[in-house]
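Structure first, commentary second.
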């Protein structure tokens, strides 16, 4: 598991040495020749950012806030029960903050592959400046190949991610030692005083520019928490403290040592650390490492999308499982191509890692601040002393805010790009969430109580059709609109009627023994509630198969079932209380293009009948 964590969790932060110290040193030089004191200050700042933010905050503190083993901002929202918060309550405001945090990951997901692969391919320019025009085209080719590969799954090549990244961290350490040996005075930067004194003696704007650039060294730290469910807390901590942290510190200090001895190397100190004979192999290896880092963030976005759909934060989309023997190997076509468009747009628009550095960091720093806040609320909910939580999380929150403020000065240098992407995603999430509530309220007005169904079954539908009918119900109460429509048009019921509702719980996984809740309304009419976790695939056919196997639905032949599914057409109306009509129009568009319920819940296509209903919101 530790090896797996190396390949998935630490790909992003592991490739930060390609650009982080370079950008921080350039900010410290602010157009002049970088001085040894500036280099020591930058190296010290990066070291203590890694220790405070990654080692202390994430590895030791945030990883404790798990939702039955799962991490990430969506898991935090589930722990805080924000999904069903009433409008106007503090939890409803918390939901908005949390969804903004989730949306920021999409902005990060577009920037990370762009800056990572660009920074690796830019190594070609070190020995051959004439190759500079090829950097962007080569980057585009690599990224197009990466996104095209997603539909095939990464099961096979994913197995080599860990060993490849282990070799990468070994190379980072070796390069760093090679540089430190030439200028051991760089080890003085181990003292935090160098970072503090250096920042104090700088102009305010320069200090913020340096902080914003140094923050690039810790981007990717959020993956430690987001991927906790895949690898576990202990392997993630072990990989960080035993392998990643030492290798990163050695490499950053090696680059700093190189700049102390030769400030002219500031354009690309990472590749200048390497002996000339190994330069091009290092460029190739860097490209492989950045592809692995990009794959990790793409897979993370797919996983976040799945969780958000399950919890009702995003419209249903087609989700393909790329392998049957590995949990979590999924492919979301729509998200893949939207992310590809955003990433390629970033590469073509900004054109270099230096330019993209301005766009990178602001979304991640805001996300880290939101994570710290939500984790503090979870700790208080779990019974920790509020004073202790405020003291500990408050200190980290101040650090997060400082870094976010420092990154905010890059807003017009490219920081707007990930924030714009995040704003669009957050707006869509909030619109979808509000629209779903309006639709459910409209359904509730039309939904008949169970008593009416009983009366209909006993007095008006004495004749029964052979076989079993399954009616999908959005709520575990009342009569589904599809059943009401069926009785209205046919004036008959089947011998067995199952009202099936899928409920997504705020836990990542629900065990099989707790999957089905079976309630007999009257003989022949049964309500079945299938419970799934937000990390599970909610398949109705599999759920009913399990329920029958458990003996809760005797006499049901699953091959002789007809599934009746309602499909609503949303009609925005200005005279009906709700959202602004243009937002209702957006919701109607999203709902119209969402994955159909039957397909999303894995209902056998040859056994489905759909009933249409118009709903005004």
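Every residue gets a Cβ built from N, Cα and C, even glycine.
Listed as Cβ neighbours of the transmembrane segment (42-62) (distance under 8 Å, sequence separation of 6 or more from its ends, same chain) are residues 13, 20-21, 24-25, 28, 71, 186, 189-195, 198-199, 210-211, 214-215, 217-218, 221-222, 224-225, 236-237, 240-241, 245, 248-249, 252-253, 256, 368, 371-372, 375, 392-393, 396, 399, 403. The transmembrane segment annotation in Swiss-Prot covers 42-62 (among others).
If you look up Swiss-Prot, you'll see 95-115 (among others) marked as transmembrane segment, on the strength of sequence analysis. Counting only same-chain residues 6+ beyond the ends of the transmembrane segment (95-115), those with a CB under 8 A from a CB of the stretch are 12, 19, 73-74, 76-77, 80, 82-83, 85, 139, 143, 146, 219-220, 222, 226, 290, 293-294, 297-298, 300-301, 304, 308, 313, 339, 342-347, 350, 353, 356-357, 359-360, 363-364, 366-367, 370-371, 373-374, 417-426, 429-430, 433.
For 129-149 (among others), the entry in Swiss-Prot reads transmembrane segment, with the evidence type sequence analysis.
Per Swiss-Prot, the feature transmembrane segment maps to 160-180 (among others); the stated evidence is sequence analysis.
As annotated by Swiss-Prot, transmembrane segment applies to 206-226 (among others), with the evidence given as sequence analysis.
The feature transmembrane segment is assigned by Swiss-Prot to 240-260 (among others), with sequence analysis given as support. Cβ atoms under 8 Å from those of the transmembrane segment (240-260) belong to residues 2, 6, 10, 13-14, 16-17, 20-22, 25, 34, 36, 39-40, 42-43, 46-47, 50, 54-55, 59, 166, 169-170, 172-173, 175-180, 182-187, 189, 217, 224, 266, 269-270, 272-273 of the same chain, restricted to positions at least 6 beyond its ends.
The transmembrane segment annotation in Swiss-Prot covers 282-302 (among others), and the record cites sequence analysis as its basis. Among residues of the same chain six or more beyond the transmembrane segment (282-302), those with a C-beta under 8 A of the stretch's C-beta atoms are 7-9, 11-12, 14-15, 18, 105-106, 108-109, 112-113, 116-117, 119-121, 123-124, 142-143, 146-147, 150, 154, 158, 161, 164-165, 167-168, 171, 220, 223, 226-227, 271, 274, 328, 330-332, 335-336, 339.
Here Swiss-Prot flags 330-350 (among others) as transmembrane segment. Nonlocal intrachain contacts for the transmembrane segment (330-350), taken as residues 6+ away from its ends with a CB within less than 8 angstroms of a stretch CB, comprise 106, 109-111, 113-114, 117-118, 136, 139-140, 143-144, 147, 150-151, 153, 298, 301-303, 305-306, 317-322, 356, 359, 414, 417, 421.
What Swiss-Prot records for 360-380 (among others) is transmembrane segment.
Residues annotated as transmembrane segment in Swiss-Prot, with sequence analysis given as evidence: 386-406 (among others).
Taken from Swiss-Prot, the feature transmembrane segment applies to 411-431 (among others), supported by sequence analysis.
Long-range contacts of the transmembrane segment (206-226) within the same chain: residues 8-14, 16-17, 19-21, 23-24, 26-28, 30, 41-42, 45-46, 49-50, 53-54, 58-59, 62-63, 71-73, 105, 108, 112, 198-199, 236, 240, 248, 252, 293, 296-297, 300, 303-304, 357, 360-361, 364-365, 367-368, 371, 402-403, 405-407, 409-410, each at least 6 residues beyond the stretch ends and with a Cβ under 8 Å from a Cβ of the stretch. Cβ atoms under 8 Å from those of the transmembrane segment (360-380) belong to residues 53, 57, 61-62, 65, 73, 76-77, 79-80, 94, 97-98, 100-101, 104-105, 107-108, 111-112, 115, 212, 215-216, 219, 221-222, 225, 386, 389-390, 393-394, 396-397, 400-401, 403-404, 406-408, 410-411, 414-415, 418-419, 422 of the same chain, restricted to positions at least 6 beyond its ends.
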